[in-house]
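The structure appears right after this line, and notes come after that.
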Amino acid sequence: MNIWEVILAFLIVVLILVSLLSNVLVLICFLYSADIRKQVPGLFILNLTFCNLLMTVLNMPLTLAGIIYKKPPGGDQLCHIVGFLETFLTTSSMLSMAALSIDRWIAVVFPLNYHSKMRYKDAALILSYTWLHSVSFPIVATSLSWVGFHHLYASCTLYNKKLEDRTQFVVFTGVFHSLSFLLSLVVLCFTYLKVLKVARFHCKRIDVITMQTLVLLVDIHPR
C-alpha cells in the first residue's frame with residue numbers, strides 16, 4: 001500500500017466509526033422517545049438510519065478490504081450480494097431524504113393541512129415506493145451481470161465487464177442516476193427553496209411587528 005492508500009484506509013475507518021456512532025444514537029433516540037415514534041417523519045428517519053447502518057456494516061468494511069487486498073473480498077458470489085445491497089441501500093437512503101424534505105415542505109407550507117395530507121398511511125405508501133424503486137434497479141443489474149468489483153472504487157458496485165453491453169449499461173446507469181440521485185436532488189432543492197421562501201416571509205412579518213411594537217412603546221413612553 002502506498003501513502004495515499006493508507007490515508008484513504010484511515011479515512012474509511014474514521015467514517016465507519018462516525019457513521020456507527022451517529023446512526024446508533026439516532027436509533028436509540030427513536031426507540032426511547034415516544035414523541036418521535038408518534039410523528040410521521042419517524043418512518044422515514046428509521047428507514048434512513050437502517051440503510052446507513054447496513055451500508056456501514058456491510059459495504060464500508062469490504063471497501064476497506066478491497067483497498068488493502070485489491071480484489072473482491074470473499075469471492076465473486078459475496079461481491080454480487082454486496083453490490084446488490086449497496087445499490088439498493090444507497091438509493092433507498094437518497095429517496096428517504098427526498099421523502100423527509102417533502103414532509104417538511106408540507107409541514108411548513110401547509111401547516112393547517114399537514115395532518116390530513118401526511119398521515120401514517122401516506123408515509124407507508126411513500127416508503128413502499130422507495131423500496132420498490134430501490135430494489136428494481138439492482139435486480140435488473142444483477143440479472144444482466146452488471147454487478148462486480150470495481151478497482152477504481154475498490155468496492156462491489158455497478159460494473160460492466162462486457163464490451164458488447166457497453167451502450168446498454170451506459171443507458172441503464174444514466175436512467176438509474178437520473179431517476180434516483182438527480183430526482184432526489186431536484187426534490188430537495190424544490191422543497192427547501194419553498195421552505196426558505198416561507199421562512200423569509202415570516203421573518204419580514206416579524207420585523208414589521210417588532211418595529212410597530214417599538215414605535216408603540218416610544219409613543220406611550222411618558223415624557
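Each residue, glycine too, has its Cβ placed from N, Cα and C.
Remember, it's a predicted structure, so these values are computed and weren't measured experimentally.
Among the features that TrEMBL reports, domain 'G-protein coupled receptors family 1 profile' is placed at 22-223.
Beyond the transmembrane segment (6-32), the same-chain residues lying 6 or more positions past its ends with a Cβ under 8 Å from any Cβ of the stretch are 42, 45-46, 49, 52-53, 55-57, 60-61, 63-64, 67-68. Residues or ranges marked as transmembrane segment by TrEMBL: 6-32 (among others).
What TrEMBL lists as transmembrane segment is 44-69 (among others).
Per TrEMBL, the feature transmembrane segment maps to 81-102 (among others).
Annotation comment: TrEMBL describes 123-149 (among others) as transmembrane segment.
Residues annotated as transmembrane segment in TrEMBL: 169-195 (among others). Outside the transmembrane segment (169-195), and at least 6 residues removed from its termini, the chain residues within Cβ reach (under 8 Å) are 91, 94-95, 97-98, 101-102, 104-105, 108-109, 133-134, 137, 140-141, 144, 146, 158, 160.
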Cβ contacts under 8 Å made by the transmembrane segment (123-149) with residues that lie 6+ beyond its boundaries: 40-41, 43-44, 47, 66, 71-72, 76, 79-80, 83-85, 87-89, 91-92, 95-96, 99, 102-103, 155-162, 165, 168-169, 172, 176, 179-180
